[in-house]
Amino acid sequence: LCDAEVALIIFSGRGRLFEFSSSSCMYKTLEKYRSCNYNSQEATAPRESEINYQEYLKLKTRVEFLQTTQRNILGEDLGPLSMKELEQLENQIEVSLKNIRSRKNQALLDQLFDLKNKEQELQDLNKDLRKKLQEATAENALKCSWGEGGHNGASGNAIEPYQGYLQHPENDSPLQIGYYQQAYLDHLN
């Protein structure tokens, strides 16, 4: 350390300059510093730019290869390909087509399964609604017959409780559903 050169520059808070140099001239020490510092930066910069350029060339080659392959798959620029390359391309397309069809079939099967489940749920719901409708119509018919106080048998007309609810065929109504239509048909028999 005895042979080391030291240079110290100090600026005070008021802007005054103080300097110290172990050698005879501060300027020579600063020049040595600049030459060493810039040479090290210039030495590393070409290496980094060379590495970046090599990476760029690799990526450019890869993009060009992928573009050529894409054109070949689309059936373009097939002229320069050899018979072996054409066969490889054909096999690659066949494998891709199998994968696409397999995925499509799986999607259709999944959709069919979901629709069958939905159909079953709707059938179950329909069955429950029919059961509730039958219970409600039977309950209403029972209330109507009890509401007349048993006059049905006395009058000789068993269909009287249904007079307000029953749609007769001569009405030509397209809507003739449920228990009341069945009761009218039973009455006619």
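Along the chain as shown, the residues are counted starting at 1.
Just so it is clear, glycine is given a Cβ too, placed from its N, Cα and C backbone atoms.
In TrEMBL, annotation is done automatically, which means it is predicted and not curated.
The domain 'MADS-box' feature in TrEMBL is assigned to 1-24. What TrEMBL lists as domain 'K-box' is 49-139. Marked as coiled coil by TrEMBL: 83-139.
Non-local neighbours of the domain 'MADS-box' (1-24) in the same chain are 30, 32-33; each lies 6+ residues outside the stretch with a CB under 8 Å from one of its CB atoms.
For the domain 'MADS-box' (1-24), residue counts in helix, strand and coil come to 0 helix, 10 strand, 14 coil, using DSSP. Over the domain 'MADS-box' (1-24) the predicted model carries a mean pLDDT of 78.
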